[in-house]
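J.: Residues or ranges marked as FAD binding site by TrEMBL: N96, G97, G98, V99, V223. Annotation comment: TrEMBL describes 258-272 as domain 'Glucose-methanol-choline oxidoreductase N-terminal'.
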Amino acid sequence: MSDAFDYIVIGSGSAGSLMANRLSVDPANRVALIEAGPSDKKWPVNVKTAMPVGNIFLLPHEKYNWKQALAGNAAVHDRQINFPRGKLFGGCSAINGGVYIRGQKADYDAWADAGNGGWSYADVLPAFKAVENYAGPDRAWHGKGGELDVQKPKSWNPIASAIIDAAVQAGHHRNEDFAGERQDGFGRYDLNQRNGTRLSSARAFLHPALGRANLTVLDETMVRRILFDRGRAVSLEIEKDGARRTVSARREIILCAGATNSPQLLMLSGIGPQDHLKDIGIDLVHHLPGVGQHLQDHPTVHVAMENPSAESYAISPKALPRILASPLKYLANRTGMLASNVAECGGFLCTDGTGRPDIQITFLVGLKIDARAIPRRHGYMALIQLLRPKSAGSVRLASNRPEDKPVIDPNFFADPYDMRTLIAGFREARHIFAQPALAAMTGTEIEPGVQYQSDAEIDAALRKIVNTAYHPTGTCKMGPDSDPMAVVDRRLRVRGVAGLRVVDASVMPEIISGNTSAPTMMIAERAARFILEEAHQSNIAA
């Protein structure tokens, strides 16, 4: 096998799988896709990634999960917080909740207003629609015929229906399309599923391309660093099974490793803040102070309600009939608890009177307090997510060894706005749970507990349970020439070097208001067009 390619894509997650597909459509392009984790086509991982609920069987294992952690600080009682990141074909889209949310029109318009021309909502909507195969009727906001199926949950728990009714009783309107004209309201989530099967980015985009002779996929292969020649990214040092070698790119290297691993690899390769690289013992290739900075996520707290009803999803004696029937129901028609993503419904609300939602509440039809654990008690939960935090954290190297996990500091609650808004969202979740629609399923609040009532008490309680929504962004942010912290330009080219782009959620200038998987695919769709357009122009000029 030749070790020279036209394009090399690093990472097969939400962005990388799509990128590999688009670049390899032209048989003249020799494309390599490098993934640190295993293929999702082999048993048993193929079964676990197909079932929407199957992520609970993958998250505990470092073979499929980078198992990173958020550094603790005094604001969260020095807790080390679990931070899963996908490490297999499909990346996080193979282990996440599978919820399809685009964010708000105002999010993208703000990107453009900040100097990133071409990234307004009018600009990005065609890319969202191009990748989408929407099961509903709305063609103004949605696409048909794309590879990514977007459907309502095939398996529907009655608790989810009651929760939506409760939200309406609490004064919110019913919303069946959060990607439509308005985002606020509550309803069933759209999911990346095809007939009850999870549709990760790998299943949607990579699997159909695997038979192409011009696409080489290297799985279970670690990229140790990017190598440069006179300011141009030309090759990668990679390692598999303890053996190291170099692969080269004639045109471009596209980094799609995610918002924690992409800045890590840039810094390991000499691109980043010069003082930090010097302290770690890495030779500087180009000083880019924004690499690893501006980490944004959605701080998340919860209200957990225990309820003796066996309607919720859990492993318990009372649920035994459902558990025993589940494999047959799933095999027969892709329904039942194995077809549920557990996060079947949710919604968006505004706490500050502006009309623009600042809180997302995702409801779980099970007590999934720890994402890595199978629920053993029955109940339901509200996950309250702050959509646009004002606090920002960082990603830094622990050492100059690629094997060592990065140091991820979320910098929770550095700005008082964040806690103030979360408390308002938390109170609204309690308000929804107190409505008559849930009277038949009344639960006992087991976390944080009804004893926390005043703002000061709730503040103290939330600091003990705060997590993130696992939506990291911004660590290689896009920005104009005037922004000294911008890592990539508006076509996602890394500033100060040639032949290198970053294409994943790390390039978001500001976090979007919702789940980040669909926007990351949109970013990859646009970036692929940029790359192919520039290659075409280069060929004409030659």
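Every residue gets a Cβ built from N, Cα and C, even glycine.
Heads up, TrEMBL stuff is auto-annotated, nobody curated it.
Since this is a predicted model, take the numbers as computed values, not measurements.
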J.: Once the chains shown are all counted, how many other Cβ atoms turn up within 10 Å of the Cβ of V99 (FAD binding site)?
T.: 22
J.: Given the model, what does the mean pLDDT over the domain 'Glucose-methanol-choline oxidoreductase N-terminal' (258-272) come out as?
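T.: A mean pLDDT of 99 is what the model gives the domain 'Glucose-methanol-choline oxidoreductase N-terminal' (258-272).
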J.: DSSP secondary structure for G98 (FAD binding site), reduced to helix/strand/coil, please.
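T.: For G98 (FAD binding site) - judged by DSSP and reduced to three states - the answer is coil.
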J.: Can you tell me how many other Cβ atoms are located within 10 Å of the Cβ belonging to V223 (FAD binding site)?
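T.: That number is 25.
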J.: Going by DSSP, give the three-state secondary structure for V223 (FAD binding site).
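T.: SS state of V223 (FAD binding site) = strand.
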J.: Check each residue in the chain of N96 (FAD binding site) that is at least six apart in sequence and keep those whose C-beta is under 8 Å from its C-beta; list them in sequence order.
T.: N55, G86, Y470, N515, S517
J.: Looking only at the domain 'Glucose-methanol-choline oxidoreductase N-terminal' (258-272), how are its residues distributed among DSSP helix, strand and coil?
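T.: Tallied per class, the domain 'Glucose-methanol-choline oxidoreductase N-terminal' (258-272) gives 8 helix, 2 strand, 5 coil.
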J.: List, in sequence order, the same-chain residues at least six positions removed whose CB sits under 8 Å from that of G97 (FAD binding site)?
T.: N55, N341, V342, A343, T362, N515
J.: Per the record, FAD is bound by N96, G97, G98, V99, V223: how many Å separate the farthest pair of Cα atoms?
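T.: That value is 29 Å for the farthest Cα pair.
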